[in-house]
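Asker: Structure below; questions to follow.
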Amino acid sequence: MLQMTMDADVMETETVDQVVSASPLQFARSYQVEALDKAINQNTIVFLETGSGKTLIAIMLLRNYAYLFRKPSPSFSVFLVPQVVLVTQQAEALKMHTDLQVGTYWGDMGVDFWDSSTWKQQVDKYEVLVMTPAILLGALRHSFLNFSMIKVLIVDECHHARGKHPYACIMREFYHKELNSGTSDLPRIFGMTASLVKTKGENLDSYWKKIHELETLMNSKVYTCENEAVLAGFVPFSTPRFKFYQHIEISNNKRASLVEKLKKLTMKHCLSLATLDLKSHTVDSIKKRLSKIESTLTYCLDDLGILLAQKAAQSLSASQNDFFLWGELNMFSLTLVKKFCSDASQAFLADIPHGRDWSVVSNIKGNVEVGLLTSKTVCLVETLLGYSSLENIRCIIFVDRVITAIVLESLLAEILPNCNNWKTKYVAGNNSGLQNQTRKKQNEIVEDFRKGLVNIIVATSILEEGLDVQSCNLVIRFDPVSNICSFIQSRGRARMQNSDYLMMVESGDLLTQSRLKKYISGGKRMREESLHHSLVPCPPLPDDSDELFFRVESTGATVTLSSSVSLIYHYCSRLPSDEYFKPAPRFDINKDLGICTLYLPKSCPVKEVKAQANSKVLKHIVCLEACIQLHEVGALSDHLVPDMVVAETVAQKLEKIHYNTEQPCYFPPELVSQFSAQPQTTYHFYLIRMAPNSPRKFHLNDVLLGTRVELEDDIGNTGFRLEDHKGTIAVTLSYVGAFHLTQEEVLVCRRFQITLFRVLLDQSVENLMEALDGLHLRDGVALDYLLVPSTYSHETSLIDWAVIRSVNLTCHKALEKHLNCSTNGASRLLHTKDGLFCTCVVQNALVYTPHNGYVYCTNGILNNLNAKSLLTKRETGDKTYIEYYEKRHGINLNFVDEPLLNGRHIFTLHNYLHMTKKKKEKAYNLKKSIPEVNIPTIKVLEAITTKKCQDQFHLESLETLGDSFLKYAVCQQLFQHCRTHHEGLLSTKKDGMISNVMLCKLGCEQKLQGFIRNECFEPKCWMVPGQSSEAYTLVNDTLPESRNIYVTSRRNLKRKSVADVVESLIGAYLSEGGELAALLFMNWVGIKIDFTTTKIERESLIQAEKLVNVDYMESLLKYKFEDKSLLVEALTHGSYMIPEIPRCYQRLEFLGDSVLDYLITKHLYDKYPCMTPGLLTDMRSASVNNECYAQVAVKANLDKHILHASHDLHKHISRTVSEFERSSLQSTFGWESDVSFPKVLGDVIESLAGAIFVDSGYNKGVVFASIKPLLGCMITPETVKLHPVRELTELCQKAQFELSKAKGFKNGEAYFTVEVKAKEMSFAHTAEASDKKMAKKLAYKQVLNSLTESLPAS
């Protein structure tokens, strides 16, 4: 939308040809064309009335200069607006009336975290950037944007350019610095305003001074029309008039009584806070809110009356009405505040009449006499009723306060529908921190106002400057305007013809009347002054180059004296914090000596900065010096951005790395080769022997596996187990030697296995001939390995050629070989469809019956049955086989005297495999890719097998082990190499190095994804060896070390699966080869870790004995510290801000956390080597967590030795220790504790571990020997329990129970409700605790217990 009246409709009809033209728009008004000509030739401030089309002039100016910044030009233009709501409004205007690429920017988009590369992407894409000035100022100061690249700078509502406003800072710090340096490449400046002056003063003679200051700062000359007559034909002007009211005060006694009630209520609620266990800052916050509300209600009482004061209190107390959040309050604080408001509402109600006969409408003037309404409020109502004859009224009532807007809307909504059926709404800005009306809601109300669905809007200053409202014909200033700018802008809202602008003023308030009269003539005076001085050139801005600043030469980023304080506060806000301590700078100013000492938080690499200067700039000087020092140590980047912000930006970019879930599935090259026409082919044979653990009805024959290359020893000689419904089968594999097979032998072996496997897989012979087609040796790549039967004796030949050649059997060969055959005297010839066969041939044979397409496995003949025998069927009775086949299949049996065959359908294939040779080849190929390290292939196979395979093993245990070692290795390296980094920065960098995104990226670069097993073995999808390559697609691929691999298919593989395999492979190499092997694998995959440790140079040793009980701590830990300052650091919380202790425990906690995690995980893995996959994860989770460590700290009385200065932490620790001592909990692992521990207690155990680790020269054994006794009895597979949340969730998923939950805050505590609907029963519980995690655990735990107790009975 555009802020124009008549232009808007015309502009919508503009053609594309007109848009791309650089000439003025054809419908532009004469003064707009004149202003454009002025702006093209010099920097210009357009001073015109609201609704006169200033935005159109800006659009025409951009079109004129567009050739300078059209892409691919690196230049761009900027359109600045003072409010976020205007960003979209002005951007839409640009998009509608130009073909320029427009980008929009405001704080909620996360631009504070953008870096130079992100801004470059925006500049490369967009030609005009529409934003608020603070964003541009920040981007320029950090040198993310280059001021010289801006070709046109449009400044909307430029009257704000004064003092420390971002508009003024941009001009001073960048435009004028470039101008004074002689730079010619400066942007064209174009300002827009309806008021050149923004002042409360009444002195019209001072206007030129203000205008001159604005022109000087903007380096622009004002353009305006010579008189209002030029605009009058285009822009309607409202008539300003005074509306006087006689002020009548509420009786002194009644007012005093109500004010006293409010004070007593405030005192009562403040005193009640002492009985609650609240944090000190929460108590202070609530008291401030109550005081502010009391002041607000008193204001409403005096300015609006008792009735509206009651409505204000009622509005604030309504649970569904969160208008007044008064800053950020938690749910409990908000409940207390609303209770106070509710009590206040009741206090006011005592003085308000009740009953059906009374209404506020019945006697409006009488309400003034008893103080229910003030005369000012009644004056407003009567004024509105005076316009009842006006058709289609659109009125805006301007007020100063949000609460006034809310209660007046309520009053008018109650009165006006009875008289005129007018609808009232309120619109209030959300920059006050008092109210939460969304911009979407505001836009909806304004849109309804335009359509006539809303007649009256009660608004704060948001509608003076911001939302576009064009259909207003009446403006009432309920509260007097505070400055000339506000007057002009609010008057400009009455943009319909014959509009009125009413200013309500108390009779006798001559001072306000005089001020407003001068405002009325102020616009004319501004125009006259501007025109009178139009030829006076803009003087240079007084040189402030003597103002101290710091500039980074490599980037051009600057911090000035004025911006240094905010940068220091911003830096401190990004340091690690907790609920007991928020890091902030602390200033110690000695005004007499002119010295300021700045103390920075302990996690900051610069601890203390001193400066001496004039007392007025002392704080700024010391902050500027601190910025310089922070940059020197790298805490501020070369763009003067806090290191934490830089790290978070990198992490955000990492999360956006693209990953294609469709990934290849590799096939081992050892089982693939080129077919050749050579007379002989060498195969390496491995005997596969199967021994069942229980008797079977059939004999398991030995099988031979033949491969073209010899396999590695741990593959070629190995064993594993299969399982079926009768038990297990032990399978052994052993190498028997290399054999040279002729072309004919290879061909018959392939025919045998294709025939056998295709029939077994397809359960028919329909696809057999197609599979055998083209079997003869030919060129091309195919699966080339043999699976053939072995002879029993192995005396003459390992290979059972008789069975293999049986697939080539024909009736002629059968007769030749079996004419004189005699098997136990029962041999004879049988007639079949294919001819005569000997009965010995059908012993253990596959027989195909074409009439039904079935394949049978036969083991002989039934001499007592033939075609004439009776077949008994339940449905049809007895029939001969002759009759049955004729009626059922239409077949006439020719040889009715031939005996029937004894057989059954061939069996259905099942997956009895828990590891296959082919899959082990996968692991073998992966292992070969990793140089310098050799571990058992079976361990690599375990590491690449996911739970989805449903094998007896999978990667979870190795993943848990590898995850702990990876975390430990990375944390140790970061701690060693980044010695000035605080814990927050270390953690962010660590997360970036070991995140799933990064691990997946590294794994994919080494092509690990193709080796991962994430699907069950499906027999029907098995690739039959020897079959034509046309049946399967084998695509050649290359591994990083230039070895060939084949891709058989593509499958869906999640990013996390690849990351998990990287961790599990680390675990595999760690478990088999130790830490060195794991590090070599990590180095191969791209995680470069240097375990070389050097002693950290620390500050001069502090007197530890004066700060902590060293003897007790060393006795408790069974360790004597060489550097006792490490012990002090490990016990120091961030809130303990004394100079003697340079650091808090956060860095040591960061290191100790990873050390303990790895030590405990490795201990559990080594102690229980046969545990099932997943159990290690559960044991680690139940042992390695802050809650367990906190219990250890309490048992060891460490709470008494923590150095801190937080009253809230002291209260929390005291309460926790008291509750824990009353509990009967013995173990320190698991999830049994019902006590909510401060995180600090667990952190100290980790920091002590870190301190011992560093002091002992990074000796993990020393750490474990010291901390393990404190942990007490360690967890075992028998004692491990799942977390109640996980256990109940999994139980409900398995049993398909419905689980619902709810959470919130009540009476200062978090509550969590869990309900499970199990069949016809329901189980629910609500738990309360000081933190939401504990409340959640307790609720789940109770419902889980109730549910499990009832399940056996049900």
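Cβ atoms here come from the backbone N, Cα and C positions, even for glycine.
Residues or ranges marked as domain 'Helicase ATP-binding' in TrEMBL: 35-214. Summarising the annotation, TrEMBL assigns domain 'Helicase C-terminal' to 385-549. According to TrEMBL, the domain 'Dicer dsRNA-binding fold' annotation covers 564-650. Positions annotated as domain 'PAZ' by TrEMBL: 810-917. The domain 'RNase III' annotation in TrEMBL covers 942-1074, 1110-1257. As annotated by TrEMBL, domain 'DRBM' applies to 1283-1349.
Map the listed features onto the structure and describe their local environment.
Answerer: Restricting the average to the domain 'Helicase C-terminal' (385-549) gives a pLDDT of 84.
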Asker: Check the domain 'Helicase ATP-binding' (35-214) against the domain 'Dicer dsRNA-binding fold' (564-650) for contact, please; criterion is three or more CB pairs under 8 Å, pairs 6 or more apart in sequence.
Answerer: yes
Asker: Between the stretches 385-549, 564-650, 1110-1257, which one has more Cβ pairs under 8 Å with the domain 'DRBM' (1283-1349) than any other?
Answerer: 1110-1257
Asker: Which residue counts does DSSP give the domain 'RNase III' (1110-1257) for helix, strand and coil?
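Answerer: Its residues fall into 91 helix, 2 strand, 55 coil.
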Asker: On the DSSP side of things, how many residues of the domain 'DRBM' (1283-1349) fall into helix, strand and coil, could you say?
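Answerer: Its residues fall into 30 helix, 28 strand, 9 coil.
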Asker: I'd like the per-state residue tally for the domain 'Dicer dsRNA-binding fold' (564-650) from DSSP, helix first, then strand, then coil.
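Answerer: Here the numbers are 33 helix, 19 strand, 35 coil.
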